[in-house]
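Student: This is the structure, below, for whatever I ask next.
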Amino acid sequence: MSLALAGSTPPSEGGHFKANCTATGDPCQEGVVLPIWNPQNPSVGDKVARAIVYFVALIYMFLGMSIIADRFMSSIEVITSQEKELTIKKSDGETTTATVRIWNETVSNLTLMALGSSAPEILLSVIEVCGHGFEAGSLGPSTIVGSAAFNMFVIIALCVYVVPDGETRKIKHLRVFFVTAAWSVFAYIWLYLILSVFSPGEVEVWEAVITFLFFPLCVVQAWVADRRLLFYKYVRKRYRADKHRGIIIETEGGMDGGMGRRGGVLGPGGFTKTDMMELDGQAVDERMDGEIIEDGGLGGTRDLEDVARRDMARTLKELKARHPDKDTEQLIEMANYQVLVQQQKSRAFYRIQATRMMIGAGNILKKHAADQARKVVSSHEPHPQEDNPHTTRMEFEPSHYQCFENCGSLKLTVARHGGDPGASVMVGEGEVVPYRTVDGTARGGEDYEEVSGKLEFQNDETMKIIEVKIIDDELYEKNKTFTMELGVPVLLDAGQKHGDSNENKPSDDEIANMGCPSLGENTHIEVVIEESYEFKNTVDKLIKKTNLALVVGSSSWREQFVSAVTVSAGDDDEESGEEHLPSCFDYIMHFITVFWKVLFAFVPPTEYWSGWACFIVSISLIGVLTAVTGDLASHFGCTVGLKDSVTAVVFVALGTSVPDTFASKVAAIQDQYADGSIGNVTGSNAVNVFLGIGVAWTIAAVFWHSKGQVFRVDPGSLAFSVTLFTVMACTCVMMLLYRRRASVAGGELGGPRTTKIVTSLVFMSMWLIYILLSSLEAYCHIPGF
């Protein structure tokens, strides 16, 4: 395909094209930005040196494009995460408020997400045409096609293999996948039609415009399939409640929740992955805690916030039970990380995560969880109580207690202040008032275990603990209270009594007259069983901070510069939320890329203009870097004797696809479904053609039409490329669908080890065959069609 588009040789008079099949590479030409490195015919040694310089510079530019694309994808994540509140009126007249996403998931994947992941390829095609006098180029289109082949064969092969043995991942939105797969194949057939059938060797204005208009048509059709409109309009719609954040997201079928895995890990409500989805993405019948909302209203959403808070609290409780040695900050960090890992993520997030781990910027989930834990804990540091040294008293300290229902037990502190520390004091029945619990709205035996008894202070003891067990009934309830009463202290040893030696004098009079130890102010305390102020704030803040847009976004330039010069661990160990020390590789990659990271820290933070300021500046910088990269690639190819088409297919396409490769790998491992790793490959391939080639050729066709001429593009051996890629792409899709059979693998990705290896080898072989045959055809070793 790439070679078919490589023929940009201007036609001779009469409309006949000069032969573009030569056994040598393309001569060096002036670039859009970079000039030719003179002299033109260097010695072998100079040629090797130039090739090394170009190659190293090319890799460094790829790193730069990856980093600025990271900022670009961050802005896209923030933009597509925009939410709005809806007021819903129920049948009984009651109104409730629900938060919904503004952007449809499928639409965002095919528009902004696809643009973000393929911006360099798309901009390269546009810049090449505009920078060379609106003449057809080969580098840009060849990069698009080469990238499509790499995505279809290499990335999918990697995703199939990296899924742990015995686990599988299925495509959830199968209808959307069929639509985008069909469009991705049709895109290349359409190129053949406009170049070799409708107007051979020419691209007319209407052809170029329709090529571009296929992009919105593809998006609309995918949206229709996702929403089940038209012939799906009689199928009830379902909504998925994102329990962790209380957000309603329209969904086609199975619910997201938990790291569902084949073989046992449960999702929310105790359902396994199999329970939460059907083979073709149909909605399941089970209702999870009332969180699936039928078509006809978003009723039931009023409790989503409480559900999210309850689940977060439950997560903290479970982590505390599993890790009793961890302090509060570590538990909060682990809880935040666990919720973030389980959340459904966009392709933009995986692209950002892969890039940052690659350049030594660390695991963004772990960094975010650790930062939020430190902020939450520091905001709840206990304030010491003031002590009055002039009074001997017995009282509760502090004067107010709150606990969460699932705290297990509550320890109440009774402190002794002032007086003679050698005196022993006893609180007991008969002569003194006992300590005991008194019911309030909380009932003994139901909400807490009743306690009573005696406290005895010996020698220098100044503090005693009363422990009350709190009963967790797993119900999300309103606050409940009970009271703890403290009795009057008396001297334990009669020999320590003061003043009067009368043994028979009543102890009550003795206490009143002799100034013996007395009660302080806090003799009755109310214990509130609730989401305590501290715990409630902790849970609420954790819920808010699990917004992935906050994880990848930035709020200030200071934050960006600090992040740019900080080295963080780039490990991808998902078992623990704790940060690790950076490795040697992290330090190396940090110092290699620190120039780019500091430079791009000047890009506006994603918080400005809801991400649009970062979006505009980032895509402008991507355009500048793409222009330089295109010139470097062209000069490198001509220096070593490669044609632009071969250079683009092998080197440029590979360099621009590396971040997507790592992103798809992480998505294949972490995601519950295969959509995030391979579902977007076909969509991106179609969008690349319609945007990259459609926009570039529309600009050129309109320009030449205004001059009274036509935009000429040499079709070359387009039939050869189209046939080769189309056959292989269809084979790839059919193999993926065949793997869905339970007897084969049970899903597009993963499965038995042998099946994974065979599938991956077949896909890798397809890519190598495509590269080999394309190169042989370019250098006239095999004939085209």
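Glycine residues also receive a Cβ, built from the backbone N, Cα and C atoms like all the rest.
Residues annotated as domain 'Calx-beta' in TrEMBL: 381-487. Sequence annotations record features per position, and here TrEMBL assigns region 'Disordered' to 1-20. Residues or ranges marked as transmembrane segment in TrEMBL: 51-69, 144-164, 176-199, 205-224, 609-628, 686-706, 718-737, 757-776.
Help me picture these features in the structure, burial and contacts included.
Tutor: Sequence-distant neighbours of the transmembrane segment (51-69) (same chain, 6+ residues past either end, Cβ-Cβ under 8 Å): 116-117, 119-120, 351, 355, 358-359, 592-593, 596-597, 600, 603, 618, 621-622, 625-626, 628-629, 632-633, 635-636, 639-640, 651, 655-656, 658-659.
Counting only same-chain residues 6+ beyond the ends of the transmembrane segment (176-199), those with a CB under 8 A from a CB of the stretch are 1, 4-5, 106, 110, 145, 148, 207, 211, 214, 218, 221-222, 225-226, 252, 675, 679, 682-683, 685-686, 689-690, 693, 713, 715, 718-719, 721-722, 725-726, 729-730, 733.
Through the fold, the transmembrane segment (757-776) approaches residues 1-3, 149-150, 153-154, 156-158, 160-161, 645-646, 649-650, 721, 724-725, 728, 731-732, 735, 739, 745, 782 of its own chain, all at least 6 residues removed from its boundaries and within a Cβ separation under 8 Å.
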Student: Residue list, the transmembrane segment (205-224) vs rest of chain: Cβ under 8 Å, 6 or more residues beyond ends.
Tutor: 104, 106-107, 110-111, 176, 179-180, 183, 187, 190-191, 194, 198-199, 230, 683, 686-687, 689-691, 693-695, 697-698, 700-702, 705, 711
